[in-house]
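Asks: Have a look at this one.
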Amino acid sequence: MTDEPALESAALPVLCLENTSAVYAGGVVALSRFNLEVQAGEFCVILGPSGSGKSTLLRLISGLVPTSSGTVTIGGIKMAPPTRRKARQRLGMVHQDHGLIDRLSVLDNVMAGCAGSLPFWRLMLRMYPRPVVDAACQLLDEVGLTEAQANRRARELSGGQRQRVGIARALMGTPLLILADEPVASLDPQTSRIILALLRRAAKDRGIAVLCSLHQMDLAREFADRIVVMRNGRPVFNDCPAELSGFLERSAIPPKRSGAA
């Protein structure tokens, strides 16, 4: 576990994209001159149809997709050589497929979230310092998992429980920013609300910026501080949930309910 990272300046947004583009082989434009800022403590939701660029956007922010132009900064640190590693240390990820190691215990999966701050031999032998174990147990308690569940293998948990573990693991590295890529895509509406409430609470209680992609418009309205709607690799709406209805009426995009596929 690392010390809480600090912004280089209190005035800076946690996440900043400036005129950022991503072009794939063959000239396919995945993102085009994308501008976005997310502040500390803000829960921002990305909406858009399949192929609009939501996943590409999150992969670009995390450094997995290179920028063709423009910049991505996390806490004032550029997600580009030579500072990419430092920028990634300020980032936590919550994946659609949980991203857990099934054969490891729930507790071990959470402690793996601080892998970047521990010697490699400790990770290989799973010999974690006592403060790391205590912090992981505290996070599991915060996301609603018991001590008995902490000692079970990850594969024994339900989908909702596994996603709780994913959130705890993302918080383990004391990030400035959490990226959540369709974190409730395979969950029922009730469990989806529990998971999104945990992410929102992380933003508010810890001052973390959270950027979350969803396809359920009603859940975005319920939980988001701000909604960004994407179309063809560009943002076409960037405002508070209260303004979304007017945008939908003007653009004739039908809302998708949380129970829909």
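The backbone N, Cα and C atoms fix where each Cβ goes, and this holds for glycine too.
Predicted, not measured: the structure shown is a model, and the values here were computed from it.
According to Swiss-Prot, the protein carries these features:
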| type | residues | note |
| --- | --- | --- |
| DOMAIN | 15-257 | domain 'ABC transporter' |
| BINDING | Gly48, Pro49, Ser50, Gly51, Ser52, Gly53, Lys54, Ser55 | ATP binding site |
Asks: Just to verify: the residue among Ser50, Ser52, Ser55 with the fewest other Cβ atoms within 10 Å, which of the binding-site residues is it?
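Replies: Selected from the binding-site residues Ser50, Ser52, Ser55 on minimum Cβ neighbours within 10 Å: Ser50.
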Asks: How many neighbouring Cβ atoms, not counting its own, are there within 10 Å of the Cβ of Gly48 (ATP binding site)?
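Replies: The Cβ of Gly48 (ATP binding site) has 24 Cβ neighbours within 10 Å.
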Asks: Counting only residues 6+ away in sequence within the same chain, which have a CB under 8 Å from the CB of Lys54 (ATP binding site)?
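Replies: Listed in sequence order: Ile46, Leu47, Gly48, Asp181, Glu182, Ser213, Met230.
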Asks: Can you list the residues of the same chain, besides Gly48, Pro49, Ser50, Gly51, Ser52, Gly53, Lys54, Ser55, whose Cβ falls within 8 Å of the ATP site's Cβ centroid?
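Replies: Filtered neighbour residues, in order: Thr56, Met230.
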Asks: May I ask you to report the DSSP-based helix, strand or coil state of Ser55 (ATP binding site)?
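Replies: Note: Ser55 (ATP binding site) is helical by DSSP.
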Asks: Can you check which residue among the binding-site residues Pro49, Gly51, Gly53 has the largest number of Cβ atoms within 10 Å of its own?
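Replies: Of the binding-site residues Pro49, Gly51, Gly53, the highest Cβ count within 10 Å belongs to Gly53.
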